[in-house]
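Quick notes on the structure that follows.
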Amino acid sequence: MAQKVAEQVVDMLVDTGVKRIYAVTGDSLNEINDAVRRNEKIDWIHVRHEETGAFAAGAEAQITGNIACCAGSSGPGHVHLINGIYDAHRSNAPVIAIASTIATHEFGTKYFQETNTIKLFDDCSYYNEIATTAQQLPRMMQAAIQTAISKKGVSVIGLPGDLTSQKVANIDSSNTPYHTQPVVSPQITKIKKIASLLNKANKITIFCGIGAQNAHDEVVELSQSLNAPVAYSFKGKMGIQHNNPNEVGMTGLLGLPSGYYSMQEAEILLLLGTDFPYTPFMPENSYIIQVDIRANRIGRRAKVNMGVVGDVKDTLKILNPLIEPKKDDSFLKRHLKIYETVKKNLNTYVTNKGAENKIHPEYVMHLINKKADENAIFTVDTGMTCVWGARYLESTGKRTMLGSFNHGSMANAMPQAIGAALAAPERQIIALCGDGGLSMLLGDLETIVQYKLPVKIIVFNNRALGMVKLEMEVAGLPDNQTNMLNPDFELVAKAMGMTGFTVRHPDNVESVLESAMKTDGPVLVNIMTDPNALAMPPKIEFDQMLGFAQSMYKLILNGRTKEVMETINSNIKHWKEAL
């Protein structure tokens with residue numbers, strides 16, 4: 001019996017290493033669904049929302065480094081994919097998105113559920129085409145696969161429902177994935193020039209992004225030769241922080257003063273594998289050298305004096321032997337001392353646990369860091385949860401942290417935990433969710449239960465959109481419509497079939513977290529954190545403080561004096577540090 005196009009699609013995905021398709025089935029996807037059912041090498045993961053499926057696929061691709069797959073059916077299914085697809089694409093996750101659509105003879109007629117997939121997905125993919133004949137399909141699939149692998153991003157295949165049931169045509173292209181891994185390093189003359197500059201300077205800081213995650217040992221070797229502090233981005237933290245005697249923490253909105261000042265005071269700032277977007281945190285007077293594997297990233301975030309294209313690990317292997325070890329370590333010692341003071345200040349909210357229904361989130365994250373496995377995978381929601389994760393979760397060299405770090409979407413942590421749990425069943429998966437983020441895609445808790453995924457979901461329930469509230473206050477605006485009226489997340493979890501806890505008193509946090517970590521299967525822990533806890537950036541401008549003061553004054557005028565006093569009392573130690 002001749003093979004159908006749907007079977008050919010599934011076979012090519014299997015040959016590429018795809019283990020599962022995250023999707024909500026629908027009429028134009030039914031042939032693909034059936035082909036998956038009949039293929040023992042691939043599974044259909046029935047999510048409740050296509051956005052969840054796209055987030056999960058992106059997470060799986062980031063964990064494994066291999067292609068992952070999600071799908072959405074005609075019209076609404078396409079639109080629901082978009083947010084998660086954007087996140088995967090901006091995270092450089094190789095994902096194939098199947099956008100099944102209406103029958104070919106209905107194209108352009110405004111048919112029921114018709115969308116233009118080319119226009120819809122064009123900004124969040126490297127490859128985006130619609131196959132309309134059986135002859136086209138295998139070549140397009142091969143191109144989509146190779147594009148996702150080589151460019152590390154999303155490829156979209158538009159797949160009309162009537163095409164998937166047709167008989168396959170003879171394949172006149174390859175149907176084997178090619179995982180090329182070229183060695184990319186700058187010209188030796190450029191590397192020698194970098195070495196010459198570094199050898200002459202005394203105050204050098206290294207700043208690493210996720211592009212340096214596979215070059216940990218080379219970065220440490222370079223920093224020790226140069227007596228250079230090593231700062232890093234949030235995405236770069238898990239690959240760089242551990243076993244690194246010269247690390248001084250992060251910079252940026254989520255970062256620390258130590259990372260910030262080490263960069264500001266450097267004669268030379270060496271940027272390694274980072275597309276760090278927050279230009280106000282970049283120094284204005286330093287000589288900046290940037291190494292990145294993607295040429296289009298060089299110079300777009302800072303005034304770079306020298307930019308070279310190369311893989312960080314490959315480049316440092318050539319650079320390190322050319323570096324003359326420095327004897328003067330005064331610059332390094334100064335910033336390590338600042339870092340020690342910063343870490344001491346961070347412990348303020350670890351030792352002070354908070355009060356009933358106002359548990360300090362810093363204390364909670366500190367305990368999670370302590371209780372989590374050495375090789376745990378953390379997924380972090382965008383917002384205040386990201387701040388606490390950035391500051392209190394520590395690298396071991398085996399841990400992984402996923403988030404919506406470039407796209408900045410809410411509701412990413414729980415869906416990403418689904419993909420992580422399926423991709424790495426041998427590892428502990430901890431989803432660190434805000435109450436706002438979890439509420440957005442709450443239905444997919446049932447997906448976790450359905451597939452018996454042992455995800456531990458920790459909800460930082462501050463009853464507010466905390467980051468938005470802070471942004472409004474810093475801008476001098478009284479917060480408005482940022483408070484959340486939440487369901488009882490413990491009862492929701494139990495209703496869906498998972499273990500649930502609620503923690504209201506800080507003295508109970510540790511014991512409940514221990515129980516959650518030891519419990520088999522999925523667990524949700526609903527922790528009532530302090531809604532007035534604030535996150536201070538490493539550098540506070542006078543205008544920010546003025547804006548915050550104006551916001552508090554406006555709240556008082558609107559009769560919210562009690563809330564103002566609670567905010568001040570909750571963050572008094574932060575004010576002392578700032579002033």
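Every residue number used here counts from 1 along the chain in the order it is shown.
Quick reminder: no glycine exception, Cβ is built from N, Cα and C everywhere.
Averaged across the domain 'Thiamine pyrophosphate enzyme N-terminal TPP-binding' (4-117), pLDDT for the predicted model comes to 97. The domain 'Thiamine pyrophosphate enzyme N-terminal TPP-binding' feature in TrEMBL is assigned to 4-117.
The domain 'Thiamine pyrophosphate enzyme central' annotation in TrEMBL covers 191-317. Sorting the domain 'Thiamine pyrophosphate enzyme central' (191-317) by DSSP state (H, G, I as helix; E, B as strand; all else coil) yields 51 helix, 27 strand, 49 coil.
Annotation comment: TrEMBL describes 381-527 as domain 'Thiamine pyrophosphate enzyme TPP-binding'.
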Three or more CB pairs closer than 8 Å, sequence separation of 6 or more: does that hold for the domain 'Thiamine pyrophosphate enzyme central' (191-317) against the domain 'Thiamine pyrophosphate enzyme TPP-binding' (381-527)?
yes
